[in-house]
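Data first, discussion second: the structure below is written as structure tokens.
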């Protein structure tokens, strides 16, 4: 508890210190969108957690939300690195990292809250944040040796570096252990050949955690996987042009190419041929933290839809007073609140040392599918305006759909849950 209090004060100090400084060039303050209140008494949050949400919401609605439509339209976040340093100053890039490396030493519930609020302002930037803070930083915290942590964490946590993680390949998505990227040991180095695909933050990343096959004959195949820390600029490593995606536009994604890429043996994360343990343990927490993304998108839909229903008129009255629209509001709200309770409680359990693959898969399965439905309902409430790109409703739908595919598809999540029950009766 004392460590938590210290970390909370540290984060509070960073927030206070940021307020004393003018924003970076290019971050012109704009009138924030009118937000619906979030009842965190019902959500069971502590006073410190409520303050964290309020601080992040204020900052993000002023400095990110007004840019979200343009980020989506252009598929580019022009001020990404400056914004990343602002997040670093706020202490949220390394929110679960130890204080000794510059982190805030907080828990997964706080991580989910920040993920939610960033996604509320911009789903795309929220996804990039999740890849950086959880897939990269948290994996280094949990699996890196002391030298690796001292070398990489401070710059990743400050926002000087951008991080990523690379598992998937063109023919190895859900079946990730069938990956073909090969790592051959030669002296004190490994030579990597192959490629990775659909890598979030790939075009921008300075540090990447990359999984490769070090034993092609291993049975089962999962026993021959090793995790490596790869730096931008290493000989033989390059990236292709960023992908033109349906949604999450501005969260840059690309193919990684390895052509006789020379990686020092000291850059193995964990142990040789034991990368599957790094991968699978990290996947549970990835699903948990990324579940904050659909929460933020659902809240954004409500932020825009509920006020609209009480401004738009038809048949001589505000359309929000029609019973069919009241039903839409009720459905959207209850889906969001049910998802929040599930996600927050699983996060609390993980903070207390009780983390299950079944429920980490469950929270993103349920919240992702609810987010898609809530976005569809929001479009319906907007009517013709919901189908026009001058309004953000289409963006919410396109962004929400990613969470039914990334971090393991909805189908794979159902398998994880079903197999967990089967194991109880084996």
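Glycine is treated like the rest: Cβ placed from N, Cα and C.
Swiss-Prot annotations:
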{"type": "TRANSIT", "residues": "1-32", "note": "transit peptide"}
{"type": "MOD_RES", "residues": "58", "note": "N6-succinyllysine"}
{"type": "MOD_RES", "residues": "58", "note": "N6-acetyllysine"}
{"type": "MOD_RES", "residues": "67", "note": "N6-acetyllysine"}
{"type": "MOD_RES", "residues": "67", "note": "N6-succinyllysine"}
{"type": "MOD_RES", "residues": "78", "note": "N6-acetyllysine"}
{"type": "MOD_RES", "residues": "78", "note": "N6-succinyllysine"}
{"type": "BINDING", "residues": "165-174, 198-200, 312, 323, 380-384, 409-411", "note": "FAD binding site"}
{"type": "BINDING", "residues": "174, 222, 223, 277, 284, 285, 286, 287, 407, 408", "note": "substrate binding site"}
{"type": "MOD_RES", "residues": "241", "note": "N6-acetyllysine"}
{"type": "MOD_RES", "residues": "262", "note": "N6-acetyllysine"}
{"type": "MOD_RES", "residues": "262", "note": "N6-succinyllysine"}
{"type": "ACT_SITE", "residues": "286", "note": "active site, proton acceptor"}
{"type": "MOD_RES", "residues": "318", "note": "N6-succinyllysine"}
Exercise for review: Could you measure the widest C-alpha to C-alpha distance across 174, 222, 223, 277, 284, 285, 286, 287, 407, 408, the residues recorded as binding substrate, and give it to a whole number of angstrom?
Suggested key: 23
Check your understanding: How many whole Å apart are the CA atoms of residue 410 (FAD binding site) and residue 284 (substrate binding site)?
Key -> 14
**Study point:** Candidate recorded positions 78, 200, 286, 318, 383, pick with smallest Cα gap to residue 241 (N6-acetyllysine)
**Key:** 200
Point to revise | Assigned element (helix, strand, coil) containing residue 383 (FAD binding site), judged by DSSP | key: helix
Exercise for review: Measuring CA to CA, name the entry from the recorded positions 58, 67, 78, 174, 262 that ends up nearest residue 407 (substrate binding site).
Suggested key: 174
Practice item. Taking Cα atoms as reference points, rank the binding-site residues 165, 168, 200, 223, 383 by distance from residue 262 (N6-acetyllysine) and give the first. Key: 165
Check your understanding: residue 286 (substrate binding site): which of the recorded positions 58, 168, 171, 380, 383 is the nearest Cα neighbour?
Key -> 168
Point to revise | Nearest of the recorded positions (58, 78, 223, 284, 318) to residue 165 (FAD binding site), judged by Cα-Cα distance | key: 284
Exercise for review: Have a look at the recorded positions 58, 67, 78, 223, 318 and say which one has the shortest Cα distance to residue 200 (FAD binding site).
Suggested key: 78
Exercise for review: State the Cα to Cα distance, in Å, between residue 284 (substrate binding site) and residue 78 (N6-acetyllysine), rounded to an integer.
Suggested key: 32
Revision key, fill the gap. Cβ contacts within 10 Å for residue 241 (N6-acetyllysine), all chains included, total 9
